[in-house]
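First, the structure itself, so that you have it in front of you.
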Amino acid sequence: MSIFTLGAQQPLALPGTDTMATLVDTIRGQEESPSSSSSAQNILAPALSNGHQEATAESVRQPSIRANSIHTLSSSDHETKPEFSPSDPCSPTVTPPDPELNEKQLAADTPSPPSLDPSNEESTIPTTSAVVVEPASWREGGLKGWLAVLGSMMMHSFVFVPTEFIFGIFALEYSIKFPSANPSNIALIGTIGTSVTYLVGFVSGACADRWGYRATAWVGTVIMALSLILASFSTQLWHYYFSQGIMFGTGASLSYFSAIAAPTHWFKRKRGLAMGLAASGAGLGGFILAPVAQHLVDNVGVVWTLRILGIWGFVVCGTASMLLFQKDPSEQQDQIRTTMALNRRRRATSGTLTIFRLPPFAKEWGFYMLVAFQFLFSIAYLTPIYSIEMYSTFIGLSTQKGAMVNGWFNGASFIARILCGFLADVIATDVVLLMCIWTNALSVLVIWTFAKSFAVYMLFSVIYGISFSGTITLTPAMVAEHYGPAKVSRVLGVAFSCSCIALLCGSLISGHILQMTKPRLSYLPVIMYTGGMFAFSGLCASTWVILMRRQRRVEASLAASAMATVATAPLESQA
């Protein structure tokens, strides 16, 4: 039921044309007033006592009321209902309120009337659907935005370096310090650090949202610095598991997830470039710190190398933490929080079993192909990185040349993170991603198998550095492209949880395979195992891309059919 509310005035009789003209002028000129409803009812009740029509939603949305749609009433025909032209789309159907309805029900059934300004013929009433409007004051990047990118790059240059990109240097020294230890047990130190970094991610993200990026990153910086200094005092293998593994991984997680999220607040059109520059810091840090760490180990020993790296990380990551500027919570973030609160309330009222319901993306076969690809890739990708120093010694290279191979690997990783992002914008994200994934398998099976000299092994490290970094960089972009930015963290959270298990298993399996080749040590079984995992991950990734493309075609077809139905509906109704 709908009512036109009028300006406050005394009840009028309807003696004739003059009174109806006054009514029309009042509707045109007066703004909506809550106290005018009773006045409008007193005006219309004598004229509409013999029959009423039900008001529709379309009549409420009309921008204006034309005077020629209301016919003149004679002074002797007070009981006659005013007639409206049915062909006039702006003619309202007015119905007085049912006296049996109370005021609360009347207010609930009455929609808000539009503006009745006759000069605004094209005015429309906004719908109730949520529309996100970008604030006029928002701008791309800015000084704080680019400083956030710089801070994120500096943070990336250290958080993964001691446990991934230069861990081979430490692994070689630890194998000398603990000669009876299994190589897989030594590799487990770096594996634990990397796994804990991803495993604690859901806690780190919540802390960053609660206390801010800079404060969370500062706490992580302190933990990382202390962990490396404590590792320098370690005398047993399990000491390294705790200090350089669990403790460093926790601090790296707090710093990493704050650093990776900060640039997204400042960029939209250039978000890919900003994220590529930020992630390239990992390769840059490995490229710089690999020869430096090897030089320190050769001259001052592994103990002081860990201490110097701890101090260096505190300075670099502490400075980076101060640059992780964060915008104030926007209306869109407030809307997301409100939606989450409503969902929690809905689950609480509908029963506890609703928390075990699968999300929509978990009902797609493509999602399980993504999880399988990420699992198999995570099993294999750390083995070539951890083996650089020991394999260099195995083929007769000096430690300096081994550090040079490690440095070139990290340099290629730095360039690839930017280059692959650029190629993904030019060609297609899924095409470049599949190229990188299959290059991982080919480089291991074809080049690493025959890498018996410094030049060939250097070639392998560069090619693998490019393909490995491209895979790491483009997987989140591909997830965002298919599932939408709002689901990236949730989808990748499940995939990374599986990756933690794979990271732990991968290094252990490769270490046991290498141990089984003694006393005639051979890396060929390890190479075949790693290349096979990469090949299977490529098959899963290819299937994932095919399923995503098929789903896009189906969704595009359904959208086209829906648009055609909407376009032909008015013609069918007129016929």
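A Cβ is built for glycine as well, from the same backbone N, Cα and C atoms used for every other residue.
Here's the feature list from TrEMBL:
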COMPBIAS  59-75  compositional bias 'Polar residues'
COMPBIAS  117-127  compositional bias 'Polar residues'
DOMAIN    149-553  domain 'Major facilitator superfamily (MFS) profile'
REGION    28-127  region 'Disordered'
TRANSMEM  146-172  transmembrane segment
TRANSMEM  184-203  transmembrane segment
TRANSMEM  215-234  transmembrane segment
TRANSMEM  240-261  transmembrane segment
TRANSMEM  273-292  transmembrane segment
TRANSMEM  304-325  transmembrane segment
TRANSMEM  365-387  transmembrane segment
TRANSMEM  407-424  transmembrane segment
TRANSMEM  431-451  transmembrane segment
TRANSMEM  457-479  transmembrane segment
TRANSMEM  491-514  transmembrane segment
TRANSMEM  526-547  transmembrane segment
May I ask for the residues of the chain that lie six or more residues beyond the transmembrane segment (407-424) and have a Cβ under 8 Å from a Cβ within it?
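Result: 165, 272-273, 275-277, 279-287, 290-291, 385, 388, 432-433, 436, 458, 461-470, 472-474, 477.
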For the transmembrane segment (146-172), which stretch among 240-261, 304-325, 365-387, 431-451 has the most Cβ pairs under 8 A?
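Maximum Cβ contact count belongs to 304-325.
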State the residues, same chain only, that lie 6 or more residues beyond the ends of the transmembrane segment (457-479) and have a CB under 8 A from a CB inside it; answer 'none' if no residue qualifies.
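Distant contacts of the transmembrane segment (457-479): 272, 276, 279, 283, 370, 374, 377, 381, 384-385, 388, 391-392, 395, 397, 404-406, 408-417, 419-421, 424, 429-430, 432-433, 435-437, 439-440, 443-444, 447-448, 451, 487-488, 491-492.
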Looking at the stretches 184-203, 215-234, 526-547, which one shares the most CB pairs under 8 Å with the transmembrane segment (365-387)?
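Result: 526-547.
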